[in-house]
Amino acid sequence: MSRIVVNFMHGRGFIFNAEDYLKLRFEYRIVGNLIGVPVSHPRNVNQQGMPVALSAYEVKLLLDKEIITLVDKTGPLQRVPSDEQSQQYGAMVEQQKQEMHMPVVEKRLEAFRKHMPRIIEGKRRKLLKSGVKEEDIHLDPDQLLDQEKERIMQEKFDQMVQIPLKYPLTLEFSECSIALSAQEDVKYRVFKSLWQQGGFITTGDAFGCDFLLYPGDPMCFHASHTVHVLAEGVSRKLDAKYLIRICRLSVVVNKLCVIAYVDESSDEVHFETLEWEGNVTNKGDTF
């Protein structure tokens, strides 16, 4: 199985190929974060498009599972293009212009063919008015069409040149790895444990937690759990205000509150589900 290439920039992984992203999302439950603008709706601020940014935890998981290859193209992309690369890109742009130009030419010629009888009659009248005899007038439709095509080909049209989302030329790059801090490593272990249990996981910044857990694809489901990671484990006494805050927050957003930590004695990830007193229901979604 060929690995998916993920570009590593600014501490995150980026995917520029839509098919690669769909494969990660539907086969491996990796959601990422769409940060681009959709091509079909460039002014729509409520809808995002390619590329996709992957969190450090998603990148680390995919590397461990040997699903992706992480590459660093920052250096090569920052270099000044060579003359050969500039010529290749210029040729690509010119090809795009030709591809956009030809449909316009064909449309104009189609309209010319449609009105050919009237055009010939108009030219005949002009020649007669200028003193040319009727028997000397010879108007060939094919010749007129060739002349019109030559004239249209010389005209300039307004054109929109596509800006490539993916670097269009051959580029040398090197594979790289990702390093996590001790605190990030604990969060990664929690993320990996959640992923192995099924469901979809995203970052929980918008809800004041570390992760959000979904029973299915976030396009179809709301998050069911907010997950808070205790990076220092449970050896230190938990702050009552902290517990009250995260529990009340989960009540407000109608989700279950989960505390995750790595047990020091067994070195395993543990989960504790918390609910506000009086709000306990038999939902069956516990860890």
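From the backbone N, Cα and C atoms, a Cβ is placed for every residue, glycine too.
Automated prediction, rather than curation, is the source of TrEMBL annotations.
Counting residues per DSSP class in helix, strand and coil order gives 20 helix, 25 strand, 24 coil for the domain 'TSEN34 N-terminal' (5-73). Residues or ranges marked as domain 'TSEN34 N-terminal' in TrEMBL: 5-73.
Per TrEMBL, domain 'tRNA intron endonuclease catalytic' is recorded for 186-267. Per-residue pLDDT, averaged across the domain 'tRNA intron endonuclease catalytic' (186-267), gives 90.
Its own atom aside, the Cβ of Tyr214 (active site) has 19 Cβ atoms within 10 angstroms in the protein chains shown. Look at TrEMBL and you will find Tyr214 (among others) tagged as active site.
Residues or ranges marked as active site in TrEMBL: His222 (among others). Within the same chain, residues at least 6 positions away in sequence whose Cβ sits under 8 Å from that of His222 (active site) are Tyr214.
Positions annotated as active site by TrEMBL: Lys255 (among others). Cβ contacts within 10 Å of Lys255 (active site), excluding its own Cβ and spanning all protein chains shown: 21.
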